[in-house]
């Protein structure tokens, strides 16, 4: 066993038998190689593992050197928002659909992971967004996002009127179905579907992408990631929401603003040694191949 990683966490929310099979294979393989392994509690319960060290996501973040997330991008997003708070590296085995964030092929995961455990990997720091719903002199409601923060109506679709301030300076007003505020990581997700630009992961930038704006002049805007975005609302409705990674919703009440900024911590995401971002784009998005 090498000294690059000593304690490995196994993470994920198994939804079908193939994912559970991968979890079990990974656990037994790591134990056989002599690593200390800590398994997320739900996985250990589903696999009926006995005499195994288990923990919550937060405990895995505190104790492990590396977390292996088995599942799709949704599993990775859910785990990464918690794990990003800790000094832990994260890699994913794809058991979902696209797999932009989960690089390892489940059929070749052992060999790829063996190389990673020997220290042969590519490391990236992916920043998160922090969203606050706040009113003057009131307690804030806060969440974070790896991909995007989305302003949208609650249960019934309708037009929203709002103003956007960047670093407390008025930028524009808009009537639309909402607004997507995306990180470079999220630029290939919901933002892409809404016509937003693709940003390479190392860019220190945030995109603001309108959702069905009621004007032909509204276009996506790219700003520095050090900027703070404030959303203000002109209506008296109280059915608006902010969604983080399409997994966490924060309701917006009358008189409240939304403040979005770059988070203080980041995700330590690692990839196999042969990883290429542009090859991932070509494969996942069906781009044409090289001509010569």
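Cβ coordinates come from backbone N, Cα and C, glycine included.
Remember, it's a predicted structure, so these values are computed and weren't measured experimentally.
Here Swiss-Prot flags 73 as active site, proton acceptor. All chains included, 24 other C-beta atoms sit within 10 angstroms of the C-beta of residue 73 (active site, proton acceptor).
Summarising the annotation, Swiss-Prot assigns NAD(+) binding site to 73, 74, 147, 148, 158, 175, 177, 188, 189, 190, 191, 192, 193, 247 and lists sequence analysis as the type of evidence. Residue 158 (NAD(+) binding site) falls outside any helix or strand according to DSSP and counts as coil. All protein chains considered, the CB of residue 158 (NAD(+) binding site) has 11 other CB atoms within 10 Å.
Each of the binding-site residues 147, 191 was scored by the other Cβ atoms within 10 Å of its Cβ; the lowest score goes to 191. Counting only same-chain residues six or more apart in sequence, the Cβ atoms lying under 8 angstroms from the Cβ of residue 177 (NAD(+) binding site) belong to 152, 153, 157, 158, 159, 160, 211, 212. In the three-state DSSP scheme, residue 73 (active site, proton acceptor) is classed as helix. The two recorded residues, residue 73 (active site, proton acceptor) and residue 189 (NAD(+) binding site), have Cα atoms 10 Å apart.
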